[in-house]
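**Student:** A single structure is presented below for examination.
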Amino acid sequence: MALAGTSKVVLGCVAFGIFWVLAVFPTVPFMPVGRTAGSLLGAMLMVLFRVISPEDAYAAIDLPIIGLLFGTMVVSIFLERADMFKYLGNLLSWKSRGSKDLLFRVCIVSAIASALFTNDTCCVVLTEFILKVARQNNLPPQPFLLALATSSNIGSAATPIGNPQNLVIAVESGISFGQFLLGVFPAMIVGVLTNAAILLCYFWKYLSVEKDQEGGQPAGPEVVADDEVTSHRFTPARMSHVSSLNPDDMDCISEPIIRSNSVRSTSANENLRSRSVNSEADIQLAIKSLRASSMSHEMVEVSTVTDRRDEGASSRKFTRTASQQRSVIIEDSPPSPASNGEKDKEDEVAEKRWRVFVWKTAVYLITLGMLIALLMGLNMSWTAITAALVLLALDFTDAQACLEKVSYSLLIFFCGMFITVDGFNKTGIPNTLWELVEPYSRIDSAKGVALLAVVILILSNVASNVPTVLLLGTRVAASAAAISHDSERKAWLILAWVSTVAGNLTLLGSAANLIVCEQARRAQFFGYNLSFWSHLRFGVPSTIVVTAIGLLIVTSY
């Protein structure tokens, strides 16, 4: 494809340049509108400048990719509600010994979670948990944050649903889920282990400083998360911790206080009846509320004791300890009808616990069924959408609350990006540049693979990985198809591997890196600022080594 007219080339470059600046630097001073608005602005300029027609602009939007993104987002939301990420977080600190073991676990768990639930989701829900574990064990946060970000990027390369660029590659190439997994998964495993080894070598001195060193603790202490960590709810917007007050610790309670507590406990019970228990934390809180209510009723019953002497009766108010009150109830008081109501409430809580268990099991089974369907080669977009709709139907509640958590801004960003990149392709500039490089970057030689990897690596950090895949994907595949059909599939897998791992080079190279940085900086009690240069010092050697090792494995497939 030759270059278009001069005006079309210039105006197309202006529109793409505005899109690129706002996508890479969303808070630039002269137009801090963000990535999504920048994407729509670039698309609008392409149409206004007549680089692309309105009809072609609508046709440029890849609906299967949008559908696949939407489906995976909804499934991830339900998995988060079903405490899947809570269990993954607990796995990090379960019987872990020492900081090095914890760092290795972060690498493995984040890589596997990213391959199944996307790297962005993994980074959103695990960043604060990892910060807590590091802070509460007197460990430096930087190695663990870098382990989360880099391992999530590497792990997401293994599956078509691991990251957005893989979604694009899977849809455009027609490679099945199973073929994609077989081609990249071995490279992912070796890459994660290599990245973990580099992390251990790079931060060995910092990780060798044992916690509580001043207290003379022996070497190799067990790293165990405390109650605050294990009760963390893996929701980006909030954290909930279970707390309770034990009435047995109260030795002396006056009558006004007892009455106040009784009113409060009655109100709590009424709220409990109408409350939907959707998690283990809610169930535990409900049980503790019932126990506190029971104790308050007991205290009210014995708060006033009537002392009858001769034929007269006089009332005397006095205070008893909790143990004395219980003995009075057992010895003097007849069975209270309130006990039956409390038993009914406990039965209600047990029933809700069973419902939660059944609901969680259904979420896991549907997700597993979606993965099996993908491995069988069914249409990935409709498979994900079907799984999402089944989960929404089985939830038996208004879907608005769940659908509000979908990142529609990301879907809109993709729509604008599709139009902008397609308009830039119509200028002929990407094709002209590729024709200059293509003779030297054919994948039938080691030098060609190395040059192609360098081009993808640079473009992924300059233009971001998804636009790079959109710009180079069909051209790289067409060049490889001239060699053989297997070479075409290998070219797509090389593009998937390098464009994904390239995100580890700089802090701006991947959205997952930015998510970890922002989540860590905004953490309420355990905030940490991961700077651009601290990431770059580790990212450069890690990206080069992991990319090279992975290329050897992918090209041999």
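Each Cβ is built from the backbone N, Cα and C atoms, and glycine gets one as well.
From TrEMBL, here are the annotated features:
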- 31-502: domain 'Citrate transporter-like' (DOMAIN)
- 302-346: region 'Disordered' (REGION)
- 9-28: transmembrane segment (TRANSMEM)
- 59-79: transmembrane segment (TRANSMEM)
- 102-131: transmembrane segment (TRANSMEM)
- 181-204: transmembrane segment (TRANSMEM)
- 362-394: transmembrane segment (TRANSMEM)
- 406-424: transmembrane segment (TRANSMEM)
- 449-472: transmembrane segment (TRANSMEM)
- 492-516: transmembrane segment (TRANSMEM)
- 536-554: transmembrane segment (TRANSMEM)
**Student:** With contact taken as 3 or more Cβ pairs under 8 angstroms (pairs 6 or more apart in sequence), are the transmembrane segment (406-424) and the transmembrane segment (449-472) in contact?
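**Tutor:** Yes, the transmembrane segment (406-424) and the transmembrane segment (449-472) are in contact.
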**Student:** Considering only Cβ pairs within less than 8 angstroms, which of the stretches 9-28, 59-79, 181-204, 362-394, 492-516 has the most against the transmembrane segment (102-131)?
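**Tutor:** By the under-8 Å Cβ criterion, the transmembrane segment (102-131) pairs most with 181-204.
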**Student:** Excluding the flanking five residues on each side, which residues at least 6 beyond the ends of the transmembrane segment (362-394) place their CB within less than 8 Å of a CB in that stretch?
**Tutor:** 63-65, 67-68, 70-75, 78-79, 81-82, 84, 116, 160-161, 170-171, 176-178, 181, 402-403
**Student:** Among 9-28, 59-79, 181-204, 449-472, 536-554, point out the range having the most Cβ pairs under 8 angstroms from the transmembrane segment (492-516).
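**Tutor:** Ranked by Cβ pairs under 8 Å, first place goes to 449-472.
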**Student:** Along the domain 'Citrate transporter-like' (31-502), what average pLDDT does this model show?
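**Tutor:** Computed over the domain 'Citrate transporter-like' (31-502), the mean pLDDT is 75 on the 0 to 100 scale.
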